[in-house]
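K.L.:
I'd like to ask you about the structure that follows.
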């Protein structure tokens, strides 16, 4: 790795500042999903085992910067962490002037977004945060695409900055899939809009042998192939781009299996009746909400040949059971595959949970925006600063 990892650093008797991603759902003062907290435990436990003191920082939600708002407080998260790790977790509401913590102890700082200068990563705030510790550990891949005070600025001014266990695992999995994949490689890019995934599609074209599109993205490609998509969600102004991608794929020998059949409905509703049709038979008052059985078979067959699979986004409105068959078939094809598989993005994780294939996916990324930017080939500021620090 081109940056220091947690295991490269002496942590004994050090105050260790850890940027975690504890942006979790909280209802009535209780954390309702502990997945992101559990993901940070290996890093926290390792620091404690090495004789360090742990100071945790995270954001929660989108409060107005500089204003305290109890609904965005991390106090319930500190309680949830204490239950999971079976140790006391002190909570520091006002922490910028210093944190009282000894080796073997854990302190959870209040929401970093209550601090003026967090989003702009001001030097003043970054230096203040850096002065609280001896070592900075970046372990929040989900925020690595943001140059903020608690993810980027602090790393500039603290003596030692490194990657935590979760961040290291995320990058290793993504680099294995993108930079040194075992071929053939398949990527699934689903979701509602081509516009948000256009650069992802273009960046993946010269890396994959199979590129599967789904959801509203697939509808734009169906339109690009000259078929009517009726009342479906698609982007008219990006049909030309989709046509270009199809032409580029053909020239590169990349297989983009645009759906040949679909499940349509007259209305966007959970109770809408699903009608299976060839794409050429979709009429004006119908909307495409899922791929059809023939398309499912084609995708499943293609995925059998893959040795690496990258998955971002569903292929239909899987939240509605009548239109979940395509994403279910895709999930099962990935689960049954021998390939190294990496999945990421909120909807993708929800699909993995719905269809119970968590243990059959090689690596599930906790990130959304950062995952997409990595797929686009963009540099992530919070990772770049770790690389710079390793050279100094």
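Each Cβ is built from the backbone N, Cα and C atoms, and glycine gets one as well.
What Swiss-Prot records for 21, 22, 23, 36, 59, 60, 61, 62, 113, 146 is substrate binding site, and it gives sequence analysis as the kind of evidence. Per Swiss-Prot, ATP binding site is recorded for 197, 319, 345, 346, 347, 348, and the stated evidence type is sequence analysis.
What's the neighbourhood like for each of these?
P.N.:
Long-range Cβ neighbours of residue 23 (substrate binding site) (same chain, at least 6 residues apart, Cβ-Cβ under 8 Å): 36, 58, 59, 60, 61, 142. Mapped onto three states, the DSSP output places residue 23 (substrate binding site) in coil.
Sequence-distant contacts (6 or more apart, same chain, Cβ under 8 Å) of residue 319 (ATP binding site) comprise 270, 350. When secondary structure is read from DSSP and collapsed to three states, residue 319 (ATP binding site) falls in the coil class.
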K.L.:
Please list, in sequence order, the residues in the chain of residue 113 (substrate binding site) that are at least six apart in sequence and whose C-beta is under 8 Å away from its C-beta.
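P.N.:
Once residues fewer than 6 apart are set aside, residue 113 (substrate binding site) is near 59, 60, 61, 62, 63, 65, 72, 119.
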